[in-house]
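Copied from TrEMBL, the annotated features are:
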{"type": "TRANSMEM", "residues": "B:6-29", "note": "transmembrane segment"}
{"type": "TRANSMEM", "residues": "B:41-59", "note": "transmembrane segment"}
{"type": "TRANSMEM", "residues": "B:65-83", "note": "transmembrane segment"}
{"type": "TRANSMEM", "residues": "B:95-118", "note": "transmembrane segment"}
{"type": "TRANSMEM", "residues": "B:143-162", "note": "transmembrane segment"}
{"type": "TRANSMEM", "residues": "B:191-210", "note": "transmembrane segment"}
{"type": "TRANSMEM", "residues": "B:230-256", "note": "transmembrane segment"}
{"type": "TRANSMEM", "residues": "B:268-287", "note": "transmembrane segment"}
Amino acid sequence: MIKALKKAWLASVMTAGLVLPGAAMADTATAPSVIKIGTLYASTGNFAIASKGQYEGLEYWAKEVNADGGVFVKAFNKKIPVKIVAYDDQSSTSTATTLYNQLITQDHVDLLVADFGSVLTSVAVPLAAEHKMLLIDPTGSGANFFTQKTNYLADVSIPSSTVWPLPLAHFLLDQHIKRVAVIYDSNDFDASQAETLKETLVKGGVTPVYYHGVPTGETNYNVLLHTIAARRPEALIEFGYPPNDIAFLRTLSSSGLHFNMTFTIFPGQLMKMMEKTVGAKAMAYTYTYPTPPLVATTDTTYGPDTATFVKDYTAAKNEAPNFLNVAGFNTGLIMQDMLGQAPQFTQLSFHQALMDMSGKTKTLEGEFKINENGAQLGELFSVAQLIPSGDTNKIVVVYPEDKATGKPVYPAPKQ
Amino acid sequence: MALLEYAIIGGILYGIFFSLVAIGLNLIFGVMRIINLAHGQFVMLGGFGAYLVTSSLGLNPIFGVPLAVLGGIAIGYPLYYGVVPRLQRSRDPEMLSFILFFGVAQMIEAVMTLLFGVDERSLPGEALGSGNFGVLGQQFPDSWWVAVAVSLLCIGGLWLYFSRTRLGYATRAIIANREEALATGINVNRVSAIAFIIGLSLAGIAGVFVPYLVGSISPSDGSDLTTTSFAIIIIGSLGNPLGTVVGGLVFGVGTMLMQTFYPSWSNLVPYVLLVLIVLVRPSGLLGKAVRNA
């Protein structure tokens with residue numbers, strides 16, 4: 001891992017040398033002793049599982065770069081250690097608002113990283129803009145964040161949620177599935193995916209037979225599933241957060257109901273945890289978005305490839321990483337590249353560096369590509385199916401065809 | 001029509017179970033006039049007890065029920081004598097209990113997070129039956145029926161306790177008027193301690209089945225369970241433990257009907273009902289009218 005990060009650092013230095021040979025650098029005497037990275041995590045509440053994973057990935061990145069002397073900061077032409085300043089928002093947006101404010105105004109952090117997901121990122125977006133601070137947004141992908149041009153927001157480790165379901169919609173149309181039911185949590189992350197899916201399906205001539213939102217805290221799906229079954233859908237798509245997906249899949253498994261196709265988001269991100277909680281059998285033949293490390297990137301231009309990361313992370317933490325660990329680590333990598341390229345130590349310069357990196361950088365999550373609104377348009381997800389393999393399930397990418405590793409089992413057999 | 005039937009039957013089952021979830025909170029409030037804001041955390045502890053019973057001992061989660069009773073005694077006895085008599089000597093026990101048990105709730109959640117992490121935990125799906133059982137042609141998972149059967153046993157047991165035992169009479173006397181009960185020679189402290197232990201035990205027993213009805217359990221689930229329980233007991237009747245059943249049924253049927261026809265709004269049900277009840281009938285559906293001199 002150190003080797004990979006050194007490689008990344010060298011790349012930054014070389015880029016710096018190419019872009020600004022002999023350009024005036026900031027005086028090293030003015031360089032801070034540490035780069036303060038402010039972030040939040042949730043130890044409890046709806047987003048705790050995912051938030052913890054993302055935070056652990058970021059912490060791991062910081063530990064690795066500090067072991068190598070810190071990140072190279074082009075503005076000071078030297079390596080500087082990083083320090084993470086983190087507070088617990090307990091999955092509460094009101095607590096998060098106070099704490100983001102504290103990070104900006106009291107701790108005077110150099111870089112601001114949002115907590116996991118759209119809900120906890122939503123309160124940081126206006127605050128960061130108000131304080132003219134670039135918000136590094138690892139996994140807040142809600143469509144509402146990216147409606148206008150901004151210098152103060154960059155979604156770095158997950159595609160904007162509006163583009164997530166595009167491959168899924170095309171897969172449904174390709175399979176000639178005409179009766180589709182969509183149930184989604186009423187939050188920006190899930191609702192924007194549902195909206196995109198519906199829009200794309202309708203354009204393809206398929207109008208969902210059931211399309212309803214449920215509260216984000218919903219965990220009782222028994223009656224909902226029977227209501228949906230009454231519409232006789234061939235495919236049932238559920239967009240939720242991990243607790244919703246767990247409750248949905250467990251209820252479906254015990255309900256005696258069967259659908260030819262079911263889709264949920266988080267098995268593809270938290271496979272191990274979901275299998276432990278839901279049970280491999282209850283997840284068999286479910287479709288999901290496969291994410292790194294379940295799908296690997298080999299040809300990275302910055303940082304380690306997926307296999308190297310998995311090997312090093314597992315050795316360091318004694319457990320294999322999940323997607324959110326990857327997302328947290330990738331956030332660190334993107335910031336590292338950004339600091340290595342930004343000629344000045346200012347928020348606007350950081351943003352410009354990210355824009356310059358867009359379309360030219362490929363990390364273990366895939367192509368980094370943001371638009372002027374801060375939305376991530378790269379790092380796209382495919383569609384995969386969980387196929388039983390012994391006591392567990394294996395991920396088989398089924399769409400798009402150029403990325404497919406197998407054929408879908410459709411209709412799914414009754415378990 | 002089938003959907004309506006399914007929603008109503010599902011709502012009754014869900015409501016009966018949630019009566020068990022909430023009844024301990026109402027019992028403790030009725031007897032001691034204190035608000036146990038850590039109630040949901042005790043429900044959560046019951047869920048984790050069942051999780052340990054299955055994951056560490058390899059037993060059926062139903063053995064979590066006696067464990068919940070033992071836990072109720074082990075935690076309830078010292079907690080009662082360490083906290084409640086002091087609270088009741090204060091000028092405003094209701095408000096103080098609110099603050100104190102908020103602290104207890106946060107402590108339980110923090111300790112459980114340290115011990116178990118933030119991940120959701122579930123119980124073996126087939127441990128309470130792998131099939132479905134139907135009434136009027138409407139099928140529900142076996143685990144729901146087991147949860148409802150245990151809920152009815154517990155609620156029935158509490159009714160028998162109130163109506164057939166000397167301790168139960170004494171408990172009702174304290175609920176009716178604490179000072180008068182004290183004046184008639186009832187050992188209020190002892191009876192209250194027993195009610196406190198019963199309240200926590202019932203919460204723990206309900207917790208055993210929470211992973212089956214809501215999918216999983218995690219250390220952070222307690223606050224939501226407290227809020228829902230609070231709404232249910234206000235709908236039924238604050239301070240009248242058996243009124244909780246009415247509150248539970250109204251909550252269950254209301255929630256399921258909303259899930260069927262207006263799912264986005266289903267979470268509003270307990271709170272809309274709560275506001276309506278407070279405005280129209282502040283003593284709850286089963287509460288006695290209050291006469292002001």
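Cβ coordinates are placed from backbone N, Cα and C, and glycine is handled just like the others.
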Contact check, the transmembrane segment (B:6-29) vs the transmembrane segment (B:268-287), 3+ Cβ pairs under 8 Å, seq sep 6+: no
The transmembrane segment (B:191-210) touching the transmembrane segment (B:65-83) per 3+ Cβ pairs under 8 Å rule: yes
Listed stretch, out of B:41-59, B:143-162, B:230-256, B:268-287, that has the most CB pairs under 8 angstroms to the transmembrane segment (B:191-210): B:41-59
Stretch with greatest number of CB pairs under 8 Å, the transmembrane segment (B:95-118) reference, B:41-59, B:143-162, B:230-256, B:268-287 candidates: B:41-59
